[in-house]
Amino acid sequence: MSGHGPAQPMTARRSGPLKGRAEIPGDKSISHRALILGAMAVGETQITGLLEGQDVLDTAKAMRAFGAEVIQHGPGAWSVHGVGVGGFAEPAEVIDCGNSGTGVRLVMGAMATSPLTATFTGDASLRKRPMGRVTDPLALFGTRAYGRKGGRLPMTLVGAADPVPVRYTVPMPSAQVKSAVLLAGLNAPGQTVVIEREATRDHSERMLRGFGAELSVETGPEGQIITLTGQPELRPQTVAVPRDPSSAAFPVCAALIVEGSEILVPGVSRNPTRDGLYVTLLEMGADIAFENEREEGGEPVADLRVRASALKGVEVPPERAPSMIDEYPILSVVAAFAEGSTIMRGVKELRVKESDRIDAMARGLEACGVRIEEDEDTLIVHGMGRVPGGATCATHLDHRIAMSFLVLGMAAEAPVTVDDGSPIATSFPAFTDLMTGLGADLAAG
C-alpha cells in the first residue's frame, strides 16, 4: 500500500532577481492520457517529453499491470505497446496510484467496461478523496464498485461484462469524471454521450480523436455535448507532450513578484481550457509576452517571456475556475504581493483536491501576515504589495501547496518554511534545481 516517507522541510528566502531559461517538465494531464490511450491502441505508441513525476510513473505501472508493454528509452522518451480496446488483462496485484487523483480515475474508466476485476489504492491523501463522482457514472455502464465508506479507496471495481452505452450529465466541472466516462465508453457498443454544463480541459477529446476515435463536440442548450462512438480500433501515435502550464505557473509567478526578474519559459501549452491563470495575471498587470506561438501534437504552445511587474488586485469570475482549478494556490500568493484585493469565486472544488486547498492557503497566508477572507466557495486575498513571511506552512501532502509557499518565501521579507517538500516530486521533480538555477534561495531544512 502506498505510504509516505519522513517529512522533508524546505525553506525559501528572499531572492535576488530570477534570470535565465526555465525548462518545464511535460504536461501531467497529457502524459497520463498518452500512456492510457497508448495501452488501448493496437501497436506501438512513441511518447517524447513525458512527465516523469511519480503520478505519471504510477499510471505507467498500472498500464503494465493491465497487460500493456510500457518501456522507458531515455529521459522523457517512452514507448507503449498497446493491447487494443477491450484487450486489458486482469491485474495480478493491487493497482497503487500513489497521490494521483487523475491517474486512479482515468484508469478506473479505462478498465470499467472490460470483464475483469481490479483493486485500487493510493497514499493517505488519495485515500481521503471522493471516488463516487467517478464510480456513479461507471455504474451506468454496468460496472460494480466496492470501496470504503463515502466511496473512498481502497476500492475494487468489477468491470461490466456486457456494457451498455451511457448518456451522462457531469454534475460538477471535472475533466477527470468526463474523461473516465469517455474512456469507459471506448469499450461499450453504440454511442456514449457526456454533457458538460461548464467546459473543462479538453485533452481527452483532442487525444481520442488523434488516436482515431470517432468523437464529436457540439454546444446545445444543456451545455457542451460530447458524443463518442464505442469499440473503435485505436491507432498508435507519436505523441510530443507539451510543457505543463500548471508547473510553468510556479517560475512564472516567482518572476513576477521577485524584483528585477526576467525569465524565458519555452514550449508551454496554451490550451484555452487551461489558460485561466495567464488571463488573470495579464488582467493584474503582469508583463508576460507569448513568443513563437505554434502547434505541437494538436496543442497550441508558446514561449513565455516574463518580467517582474507591479500588480493590482482583480476579481476572478467563477466561470474561469475550470480553466485554472490547479492554479488558485499560486494565484493567491501573487495576489498577496499585489496592491488591493483579489476575489476568487467559484472555487469550492479546491476543497476536495489533494488537500482542502482553500483552507491550506488561507492558514499559511495568514501565518505569513496576509489578510484573508473565505467561505465555502470564495477566497479573498487582501494584497498590500509586500508580505512579512517568517512562518512555517503546512502542506498537507499537497505538491501545489508546497511549491506555492516556497515561491512566497522567495519574495517575502522573512524566510518561509514548508513542513514537507517531498510531495513536489509527484508533479515537478526538478522544481528545486530549476528554481535555484534561476537564482532562487531555496534549501532543504
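One-based numbering along the chain as shown.
Backbone N, Cα and C atoms are what each Cβ position is placed from, and that goes for glycine too.
Keep in mind it's a predicted model, so treat the numbers as computed, not measured.
Looking at 1-25, 376-400, the range annotated in Swiss-Prot as region 'Disordered' turns out to be 1-25. According to Swiss-Prot, K28, G101, R129, R357, R400 bind phosphoenolpyruvate; the candidate from Q176, Q191, Q224, Q231 that the record adds to this site is Q176. Across the region 'Disordered' (1-25), DSSP classifies residues as 0 helix, 7 strand, 18 coil. Largest Cα-Cα distance over the residues recorded as binding 3-phosphoshikimate, namely K28, S29, R33, S174, Q176, D326, K353, equals 19 Å.
Residues within less than 8 Å, Cβ to Cβ, of K353 (3-phosphoshikimate binding site) and separated from it by at least 6 positions along the same chain comprise G101, R129, I325, D326, D398, R400. Figure note: comparing Cβ neighbours within 10 Å for the binding-site residues K28, R33, R129, R357, R400, the maximum is reached by R400.
R33 (3-phosphoshikimate binding site) sits 25 Å from R357 (phosphoenolpyruvate binding site), taking the CA atoms of both as reference points.
On a Cα basis, R357 (phosphoenolpyruvate binding site) lies 16 Å away from S174 (3-phosphoshikimate binding site).
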